[in-house]
Amino acid sequence: MEMAKRNAVVAMALAVLAVAASVEGQNSDVKTLVKYKHGKKYCDKGWECKGWSTYCCNLTITDYFQTYQFENLFSKRNSPVAHAVGFWDYHSFIAAAALFEPVGFGTTGNKTLQMMEIAAFLGHVGSKTSCGYGVATGGPFAWGLCYNHEMSPMQSYCDDYFKLTYPCTPGAEYYGRGAIPIFWNYNYGAVGEALKVDLLSHPEYIEQNATLAFQAAIWRWMTPIKKSQPSAHDAFVGNWKPTKNDTMENRVPGFGTTMNILYGDGVCGQGDVDSMNNIVSHYLYYLDLLGVGREQAGPHDILTCAEQVPFNPSSKAASTS
């Protein structure tokens with residue numbers, strides 16, 4: 001009888017371990033499969049990086065950013081008072097990121113830079129989707145991914161100037177949706193073209209599919225507003241070399257310029273305003289939580305855009321918000 005009880009306990013423990021292994025199997029513990037062909041190394045990591053490529057042999061996001069870290073960064077997103085309970089999750093983020101990892105998202109440079117880029121991108125996401133406030137439980141920065149769409153739109157965001165390229169669909173509303181919220185018909189049209197999804201006719205898809213919502217945000221991060229300008233990704237990881245004019249206008253590689261690219265004079269060139277400081281504070285908080293440390297973020301002129309001249313002053317196209 002005692003032996004039977006012991007066996008039952010062992011069986012239960014093995015079952016728990018199997019479940020834990022299954023969960024962890026979606027993170028860095030996935031075994032990398034390796035094969036060689038004509039002297040070249042090819043790898044397959046499963047759900048994040050599959051298909052036997054040389055790229056999959058490199059460090060990918062799940063190697064340094066795992067489920068528990070995502071949960072730490074967005075610890076209050078599924079609280080009863082949050083507005084997008086059950087929508088955002090780690091798997092959706094990694095599935096979206098996998099589309100852009102081969103072109104450098106979270107995979108550029110050494111491990112520290114890779115982790116910093118994830119913190120930077122998610123710092124924007126957290127600040128733009130937060131319902132946190134000064135005395136909120138867990139602190140004001142624990143409430144990122146509380147929203148997945150604008151709660152009280154004041155307009156339909158249809159700009160007829162783009163009626164030939166991105167005509168508004170009758171009945172469609174182009175209010176803010178997503179991880180870095182998309183506004184206006186022309187932005188939905190451009191993102192939809194890039195992701196091969198008809199967002200001009202169905203902007204609501206963004207608030208119905210978390211992977212698509214993250215993909216749209218990462219695409220914006222990876223794509224310049226104008227061809228002559230850097231993407232937020234390039235400005236952050238150091239791929240962008242400022243021109244003499246950029247230097248004169250205080251635009252330098254770093255986190256500050258990512259805000260300039262994404263929001264223009266909505267937050268930049270106005271000194272240390274709250275709208276800018278809120279984004280910066282999320283980034284620093286995430287650096288700390290990921291174990292990188294905010295001291296890696298650099299001095300004030302790199303971290304902020306307080307004194308930067310906007311790339312595209314007063315242009316709707318320079319901002320997603």
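Heads up, the Cβ atoms here are built off N, Cα and C, so glycines get one too.
Under a cutoff of 8 A between CB atoms, and with a sequence separation of 6+ in the same chain, the neighbours of CYS168 (disulfide bond) are SER156, CYS158, ASP159, ASP160, TYR174, ASN185, LEU200. TrEMBL lists CYS158-CYS168 (among others) with the feature disulfide bond.
The feature disulfide bond is assigned by TrEMBL to CYS268-CYS305 (among others). When Cβ atoms from all protein chains are considered, those within 10 Å of CYS268 (disulfide bond) total 29, not counting its own.
Looking at the domain 'Glycoside hydrolase family 19 catalytic' (69-295) alone, the prediction's average pLDDT is 96. Per TrEMBL, domain 'Glycoside hydrolase family 19 catalytic' is recorded for 69-295.
The feature signal peptide is assigned by TrEMBL to 1-25.
Sequence-distant neighbours of CYS305 (disulfide bond) (same chain, 6+ apart, CB under 8 A from its CB) are GLY256, THR257, MET259, ASN260, VAL267, CYS268, GLY269, MET276. For CYS158 (disulfide bond), the number of other Cβ atoms no farther than 10 Å from its own Cβ, over all displayed protein chains, is 18.
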